[in-house]
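Notes follow the structure.
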């Protein structure tokens, strides 16, 4: 889990900090601004993605890199760098990524490895049997722009896979100096450095390569002798370790301050690491700290060192060399290349594009938009979106094949580009869905041309728009083809929710579009929906060239796009690497059954080569696999044991599983089909799309308004209009229509038993009745009493998945088309969610075995907690919130007055006078769509009177027990009004 900052208490006493913007209290030190912060729940993969991947990607570009682990002894440096067989560390993950990416890029790679340790100021080789007896010497080499340091006589071994590196590490670590101290049963007593020397050949020239070094450094931990209880040899080791780390701190301080003299030669450690500290190198420091208060001083020192490291600025450059490829010494002759077969639409390509395109200016709600179109008006539409900066004519290379195959091509000039007037739109991904933005314009063009659905093809910025359109305007999209997408998923866009097929196109030589960095987004797409086609054009690539217009690449792109649009498997997709082996059952000569697993599969021998290749390429979606494993634990009743394990601080068996589950924030669960795709629901609710379009404010909906009403529950005119009443919030109002856009008309129950019509401000009705948006601070929801909810935390993911699984049979029967609009099943769903929350109120006595009310994490409270009405209402709100949209529920967090009968065994006191303050109680109010009936969901009262209080109609709840004051007690806000929210007739009204 990522965080924004680290706080360290220098005194052993608790301190409450309201928010990150509050002044830092005395006795607290804050460390913001690191490039990444990972807590104890993070996996080794999380650590690699945050701290290691960028350095390894740089190696592939010919840039030297280094990853160093620094911190107090026993804080997990060796585990982070080396790990074990089941949880490989950064060394192995870096090697795996290095070989994997080189293979994906079609590059030839040669790697040699060295492994050394610095023990008692002596460098020894960990890869030779008698290495501890030979003290190796450091030599400095002055290059043109920097000083390099090398170890004389250090052995190198060729490695060709992660397994080779794993064997090398295992061998070297057996020779590394380790010992037992009071802080660590297996403490590293030496600094260890694994060096990977990487040579990479790419492109067509066999003697041009890049060379780079990757330093993977596991520093011995700093320690206070009185804590480690070191004596004898251990004491001598501790002295040398601390001395070398002190020298390292001096070098870092000098580099950070820009001093002209940097004391590298003060210690062998700083001499050895000189290339990684101030040379031609991209360096990442992993600073490990202990959560224990008694180690706060050492943690503070570690973080001060890390902060200094962030101030160091270095200069790096690509290390290019001339070196023949390893399998040949002479450059091979270029084969005679056959001219590609002419495309059947070649004759159309020779025509003047203007003669086959229809150029027109469309009037839309967002201004005039210029488009180019061609092809039959009844043909399947293909919407073409240009990059930034560019225009519609950039697609002229794709017009001929689309026209030839009778597609209707539609190329847009976005405002301010090409022939479209107006101000240019921002090209950032989060601006795609703003009002009047690219998505609105694309849909407006389709509407103007009478097109309901289209295939969407985009380049660069346009490719990002195409992806956003596939996620947020899925009813307008058939398929998506992003070419070099310039896109990073903004909040509310989850690529895993993509429901249509996506073909991503890439030319690996294009230096402005990095596939390595974008691959994580490709892998986020559903495996069954995504395809990736990578092309290479070698030295022909030039900045600004038209890739589609290239005489060799253009026809390949045209054929691939047409094949994808037609639903055909490409010939290129049959050959290549596989993720699985082809298996067949057989028998030995003795008759013993065996399974043959083929490494090499010949397509010609298969009846359905394309289908088999696709099946063997499919990689199991890790999120779906985690959901299935979680389902089995849920079905077998083993979840509670895992929850208990995490609550007690031991999370070994659940950390990886819970962390791999999907994040289910309200933004992520924008559509019930997402839960079906994940395997959490068997079906989506019937009529959900229709429900989503229904209004929130219609005739006869009961609403809260302010008025002069009776305030004593014992009186017959309680909450009814009366001239002698006081200004209060009443639920005895029913919507009838609107006088104008700012004034609505309601009928309110009067003291005489009749009704009285009254004008009310639309803004006031929305303030009191519109669904609430809970306050967010960074990744956390801020709830009552300082409670927080982080939807990305492993424990929250697990609890939400449990709720989703429990809801599945209810949702299967939820039909928004029924006479009651699905009310019965919606209320049943609320009960199911409450049942999944293992939290009780203090009415049943204090249970010291449960998470207390002072715990600020609602996930822990939901697993085994206890609290007052604020705590249980906040917990319910946090876990109902993500499902509100898919269940058709508008949630409001209410506070107000209660007059008895809410506590166990307590009679109602009808003699009181209700008031806006003091606020004595909190609960949830739920409005169901499309019925627009509103109910109170009160977990505290439910403990006293039963589950009826979870589905308590407001006509009863607000008459007999509760008074809603309309306050915003948790900092929540009302959600913005949508155009479809109001369906009220215009009425004339006269007093």
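Glycine is treated like the rest: Cβ placed from N, Cα and C.
Residues annotated as ATP binding site in TrEMBL: 71, 72, 73, 74, 75, 76, 77, 78. Summarising the annotation, TrEMBL assigns domain 'Kinesin motor' to 5-312.
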Surrounding CB atoms that lie within 10 Å of the CB of residue 74 (ATP binding site), all protein chains: 23
Mean of the pLDDT scores, which run from 0 to 100, over the domain 'Kinesin motor' (5-312): 82
Cβ-Cβ distance under 8 Å to residue 76 (ATP binding site), same chain, at least six residues away: 288
Surrounding CB atoms that lie within 10 Å of the CB of residue 73 (ATP binding site), all protein chains: 26
Other CB atoms within 10 A, centred on residue 77 (ATP binding site): 25
For residue 75 (ATP binding site), nearby residues of its own chain (Cβ under 8 Å, 6 or more apart in sequence): 221, 288, 289, 290, 302
For residue 78 (ATP binding site), the number of other Cβ atoms found within 10 Å of its own Cβ: 25
